[in-house]
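Everything on this sheet refers to the single structure shown next.
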Amino acid sequence: MLKEIMSNFTVLSLLIVIISFLLVYTIIPKIYGIIKIRNLSDEPNNRSSHFCSTPTMAGVAFYITIIMTLFFIKNFDVENIGLNLIAAITVVFIIGLKDDLVVTSPIAKLTMETIAIIFLLVSNSMNFTTLNGFLGIHKLPELLEYFGIIFILLTIINAFNFIDGIDGLASTIAIVIFSVFSLIFYACDLHFYFLVSLSMLLPKKRTTFCVNLR
């Protein structure tokens, strides 16, 4: 019975949405309660649009949820990239958690983010050898391929860091991005990536969005 549920794409999609929402909805208030007691809130600075202390470390709830999601959907991981994702997400989570607790230097952040990206690059499913004629570029040298992927992913990661000072902005953009990704992956029958995007969509981002705007 359990194996049938884990192999049923439709049922598993519904379970991912429900479990993700319940986990984040339950965990985030607990985390914010501890942050308030320990006085670990983020104080406004010249990058922030808010004028009062804002709770941090919501990423703890996201991390727990995405790890559990990857466990439940492992049957759909035909490219065996799940372990690489866990390793990469863990590295980003650690540096993000440290940055919430104490100030972390930009060099340390970039180093850890690069390590996380390398965990993804060692997967055989991460191939980026051609731009299919975009800007007149077709075949890419292998070394340039790796540098290109690292640069693009570092840009995306830090773009979210830059806009995170505005309440609700990062969450809103994430909802749009994962909505588009979910539609693309579903249309292409990439069930594993669809379920990952689904777990990152409304259950978590909408919860954080609502909390941030209180």
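Quick reminder: no glycine exception, Cβ is built from N, Cα and C everywhere.
Keep in mind that TrEMBL annotations are predicted by a computer and have not been checked by a curator.
Sequence-distant neighbours of Asn161 (Mg(2+) binding site) (same chain, six or more apart, CB under 8 Å from its CB) are absent. What TrEMBL lists as Mg(2+) binding site is Asn161.
The annotation transmembrane segment is assigned in TrEMBL to 12-35 (among others).
Residues annotated as transmembrane segment in TrEMBL: 55-73 (among others).
Here the transmembrane segment (80-97) has Cβ contacts under 8 Å with residues 57, 59-60, 63, 66-67, 70, 73-74, 104, 108-109, 112-113, 115-117, 119-120, 122-126, 157, 192, 196 of the same chain, all six or more residues outside its ends. Annotated transmembrane segment per TrEMBL: 80-97 (among others), in sequence order.
Per TrEMBL, transmembrane segment is recorded for 143-163 (among others).
Here TrEMBL flags 169-196 (among others) as transmembrane segment.
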